[in-house]
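Worksheet: the structure to be examined is printed underneath.
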Amino acid sequence: MNPLIIKLGGVLLDSEEALERLFTALVAYRQEHQRPLVIVHGGGCLVDDLMKKLSLPVVKKNGLRVTPADQIDIITGALAGSANKTLLSWAKKHDINAVGLCLGDGGSTTVTQLDEALGFVGKAEAGSPALLNTLLSAGYLPVVSSIGITAQGDLMNVNADQAATALAQTLGADLILLSDVSGILDGKGQRIAEMTAEKAEQLIAQGIITDGMIVKVNAALDAARALGRPVDIASWRHAEQLPALFNGVAIGTRILA
């Protein structure tokens, strides 16, 4: 069975209750299904908190965090350090043998600078599956932060949805983007069950899909097109539904190629 990539985001990393529910669901799923799993994560809330403590400005452009040279080391520490090791500690609590990685390990993705105006913000593309396949075949759970490294050796902050998309392409994996919301919502706050590129363009033009959700939807559409299969956007808040979601049942918004 092809691997499943689960991207974690939102305030999940700040909530012990949410992490407990998530890892309990992961344990249940792994016991019932011999399917390779990969976790990909960002940690925007952790970064925002750290920036506030350090009195550094937080600037976002089109839903992406502007990352100047004097912040990339701090953001790397927050994502590849604190956020990644927090998830590893939860895996250990639940007897899951996990390995902490970033996008640069084993050349799993190829990362280039996205836009000079954004600073040290990268775009990830599919790379070599060798390292991840080796870990998965040995029964490990890779936990991958969204920090990338360019061919020139520069650290890059990559949007975690886009990072997960690139890794899904690397592995030919199914992809689930977990977030704070139950899926993509229409103008009345109701969940949209299915989303096409045409429908997404309409909702963006109408100002219903905005900011970070635009990045998330575009990443999901890119992944659905590249993989030739749907991608799910769903909430981590309903833990009892997560095993069904991991097993292919749509509980959020299903993005169609």
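Every residue gets a Cβ built from N, Cα and C, even glycine.
Bear in mind that the values here come from a model prediction, so they are computed numbers and not experimental data.
Of the residues Arg21, Arg30, Arg65, Swiss-Prot puts just one in the substrate site with Gly43, Gly44, Asn157: Arg65. Largest CA to CA distance in the substrate binding set (Gly43, Gly44, Arg65, Asn157): 12 Å, whole number.
In sequence order, Arg65, Thr67, Ile72, Ile75, Thr76, Leu79, Phe120, Val121, Gly122, Ser146, Ile147 constitute the residues six or more apart from Asn157 (substrate binding site) in its chain with CB-CB distances below 8 Å. Spacing of Gly44 (substrate binding site) relative to Ile184 (ATP binding site) is 19 Å (Cα to Cα, whole number). Ranking the recorded positions Lys7, Gly43, Lys216 by the distance of their Cα atoms from the Cα of Ile208 (ATP binding site) places Lys216 first.
In sequence order, Gly42, Val47, Ile75, Ala78, Leu79, Ser146, Asn159, Ala160 are the same-chain residues whose CB sits within 8 A of the CB centroid of Gly43, Gly44, Arg65, Asn157, the residues recorded for substrate being left out.
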